[in-house]
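Visitor: My structure is below; once you've seen it, I'll send some questions.
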Amino acid sequence: MIRIKKKLILTIIYIHLFILNRLSFENAIKKTKNQENNLTLLPIKSTEEEKDDIKNGKDIKKEIDNDKENIKTNNAKDHSTYIKSYLNTNVNDGLKYLFIPSHNSFIKKYSVFNQINDGMLLNEKNDVKNNEDYKNVDYKNVNFLQYHFKELSNYNIANSIDILQEKEGHLDFVIIPHYTFLDYYKHLSYNSIYHKSSTYGKCIAVDAFIKKINETYDKVKSKCNDIKNDLIATIKKLEHPYDINNKNDDSYRYDISEEIDDKSEETDDETEEVEDSIQDTDSNHTPSNKKKNDLMNRTFKKMMDEYNTKKKKLIKCIKNHENDFNKICMDMKNYGTNLFEQLSCYNNNFCNTNGIRYHYDEYIHKLILSVKSKNLNKDLSDMTNILQQSELLLTNLNKKMGSYIYIDTIKFIHKEMKHIFNRIEYHTKIINDKTKIIQDKIKLNIWRTFQKDELLKRILDMSNEYSLFITSDHLRQMLYNTFYSKEKHLNNIFHHLIYVLQMKFNDVPIKMEYFQTYKKNKPLTQ
């Protein structure tokens, strides 16, 4: 009887233990399945020393909150209207981090290890092969028609060109929408091939294709070289009333002035007339000086008309070859899009961001550091000061000398410099904005895995940010050089005129040899 009671008690205890164990097991399975159903992204840590550890829930939650806050800040500050963006990517998508599960089997199932090379991809691939849940998954790329690839915007050629003159006798032009468009697909190409570790051969191929694109583009640009060189010659006339750097001042004369005055003024007397007008700047209303001033004013006006005509002619030439330029842009687009469409992941739910990281390290990081090492705002301040001081000096000289061809020349150069400054200011704002945005987005994009669809959006987004940043950085540097090339020549003219006034007010007879001595003993600003 006692033995039967003991047996009955043990049976009851066993049944209770079985029920409790079953409930615990079902609860664990339910928890795991809930995590599986909601999982979109798992973070991968960025330090080699911590690769055997996994961050706990609090750390990840804190990181999520910081990431979301950074995204809000970026969205609020990105006001650039430089080139219309065709990417409708919402950077908040795909950033739903979950706590890492506590079950080792769950972690092993998805091979979430802190590796950033092909070893990680191999682990993912092997796990997927051994996983019944993923045997029927289609690993082909998603439908690329859903992505809004960048197109050439509707633009007016005349309003979309920066004309650059980085040094005297040289002139170049940049069609800004083309530059940004080509750069966008260049970075899309590199981001795509860098997604895999073994990219050396592909990288060489991309470099070669981009070099070919650039050469073809320059070849089309060269079709306007004759018009461009003609414009350079006219600019030289405008900026050099006569060549003050030439020891033989008689060697530079206005042939155009003979046409204006119906050859009434002999060429051999022109230098003497300029000297006389310098001596008599306070007597501009005398009959002889009035005639000379009228001649100079008409000469300058005709040169300005010539300048505007030739500039329009250059723009027309560029527009005439617009189809050739557009074809080159489409070739670059097709090439970059093709590489992008070949991008694949071993596991579509866990695509790593090696490509974004490697491309950033290789091409962008050095540029970011270079920009941050410069004080772009100080550059703007210095240029503003130059423009203000030169305008003040111009006003004073104008009062002293009245109508004088050098004054018109200074006004022309000064107007050009103000336009160049406005362009530099414009590009500087874009550079500052994009530097901050790129750095913030890189923090969110690297050392992580994404679902494939989200990774592709991010590659498009980063390529867009890079192209805007690099276009403005390149153009700002060329415009900067152009500004100081003009400023150097402006200084030369100012020095000459100040010297003239000093001689005049000291009652020293003005002869050309004095100016030669001045140039020899006091080198003009370099």
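Cβ coordinates come from backbone N, Cα and C, glycine included.
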Visitor: Which one of 33-51, 52-70 shows up in Swiss-Prot as region 'Mediates interaction with human BSG'?
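Guide: Going through 33-51, 52-70 one by one, Swiss-Prot gives region 'Mediates interaction with human BSG' for 33-51.
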Visitor: Check the candidates ASN284, ASN297 against Swiss-Prot and report the one noted as N-linked glycosylation site.
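Guide: With Swiss-Prot as the source, N-linked glycosylation site is noted for ASN297.
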Visitor: In Swiss-Prot, CYS317 is listed as disulfide-bonded to which of the following: CYS203, CYS224?
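Guide: Answer per the record: CYS224.
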Visitor: Which residue in the list CYS329, CYS345 does Swiss-Prot annotate as forming a disulfide bond with CYS351?
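Guide: Cross-referencing Swiss-Prot, the cysteine bonded to CYS351 turns out to be CYS345.
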Visitor: At a 10 A cut-off on CB-CB distances, which of the disulfide-bonded residues CYS224, CYS317, CYS351 has the highest count?
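Guide: When each Cβ's neighbours within 10 Å are tallied, CYS351 leads.
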Visitor: How many neighbouring Cβ atoms, not counting its own, are there within 10 Å of the Cβ of ASN297 (N-linked glycosylation site)?
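Guide: The answer is 15.
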Visitor: Kindly state the mean pLDDT of the region 'Mediates interaction with human BSG' (33-51) in the predicted structure.
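Guide: Computed over the region 'Mediates interaction with human BSG' (33-51), the mean pLDDT is 31 on the 0 to 100 scale.
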Visitor: How big is the gap, in Å, between the Cα of CYS224 (disulfide bond) and that of ASN214 (N-linked glycosylation site), rounded to a whole number?
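Guide: Per the Cα atoms, CYS224 (disulfide bond) and ASN214 (N-linked glycosylation site) stand 16 Å apart.
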Visitor: Could you check which of the recorded positions (ASN214, ASN297, CYS345, CYS351) sits closest to CYS317 (disulfide bond), going Cα to Cα?
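Guide: Its closest listed neighbour, by Cα, is ASN214.
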Visitor: Could you state the CA-to-CA distance between ASN297 (N-linked glycosylation site) and ASN214 (N-linked glycosylation site) to the nearest Å?
Guide: 44
Visitor: Roughly how many Å lie between the Cα atoms of CYS351 (disulfide bond) and ASN214 (N-linked glycosylation site), rounded to a whole value?
Guide: 33
